[in-house]
Amino acid sequence: MMVEMDYAKKMQKCHEYVEALEEEQKKIQVFQRELPLCLELVTQAIEACRKELSGTTTTTSEQCSEQTTSVCGGPVFEEFIPIKKISSLCEEVQEEEEEDGEHESSPELVNNKKSDWLRSVQLWNHSPDLNPKEERVAKKAKVVEVKPKSGAFQPFQKRVLETDLQPAVKVASSMPATTTSSTTETCGGKSDLIKAGDEERRIEQQQSQSHTHRKQRRCWSPELHRRFLNALQQLGGSHVATPKQIRDHMKVDGLTNDEVKSHLQKYRLHTRRPAATSVAAQSTGNQQQPQFVVVGGIWVPSSQDFPPPSDVANKGGVYAPVAVAQSPKRSLERSCNSPAASSSTNTNTSTPVS
């Protein structure tokens, strides 16, 4: 009875263990892409437990008899039923570890393992019946055939063009693989440099063509300027006319509004300069002190200070005549010829001399 109780407890524990594993399997199925190996291990454990339960139910009588004999004093040979699948997997793992221990010095196998873990997705779906060597060859083939279809991280791979591969194929027939890889890299680098130089030359040619295709600057000939002035006179002056109106009046082929506008601005600046110079000259002339000339003891302003008659009439100024000192000879002659002097002489002559 005690043996049957122990057996029932073991069966109950196995059922509970299977249920717990099934719950974990449901949780891991959500992250099937991220945790494929964990999901595979859990499913294998569930299958092993179920096989153990099915095997134990069919052989309950045999186990009970063996256990009763063991209780009676006989030796116990087996307590658990061995599982072929798990044992075979353990043996394969041990063999792989031994082979890896023999070939630890080769760095290529280490790199292959890393690439297997990073790139391969179907490594854990292998069949247990294959030999370790065949399994390793199948893994390598799968790594080569896998194509990046998902959005996961992929290592950077330089794109090699067909034109760059042609010289590399020719060199491969006469040189080993190590030298061919170096030559392909150098050829690819040279071709990239040549392409970059060609692009720069093409850009420079386009820029030079754009400079040549630019419109030349307008040269304003005397005839063109005369038309410009006629248009200004008809339109009412440079401050009233607009560039568009001037261009319409001039009727010149190829003349643009911008060219007329720039010429109009230059003309306005040119017409403003004489007015500014005349105002500056007047201001400097007013600041100069008047000059005087001494004539016969009288201060007389110089002729430069007198404006012309037209200016006098325009300004409306009044000027008085200036008496100029005469020479002494002419003054004596005039005094002799005057009637007062003659009468005085006559009286002097008529009076008797005492």
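Even glycines carry a Cβ here, placed using N, Cα and C.
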Check each of the ranges 200-230, 324-354 against Swiss-Prot and return the one annotated as region 'Disordered'.
324-354
Which one of these stretches, 93-112, 173-192, shows up in Swiss-Prot as region 'Disordered'?
93-112
State the mean pLDDT for the DNA-binding region (243-268).
88
For the DNA-binding region (243-268), give the DSSP counts of helix residues, strand residues and coil residues.
20 helix, 0 strand, 6 coil
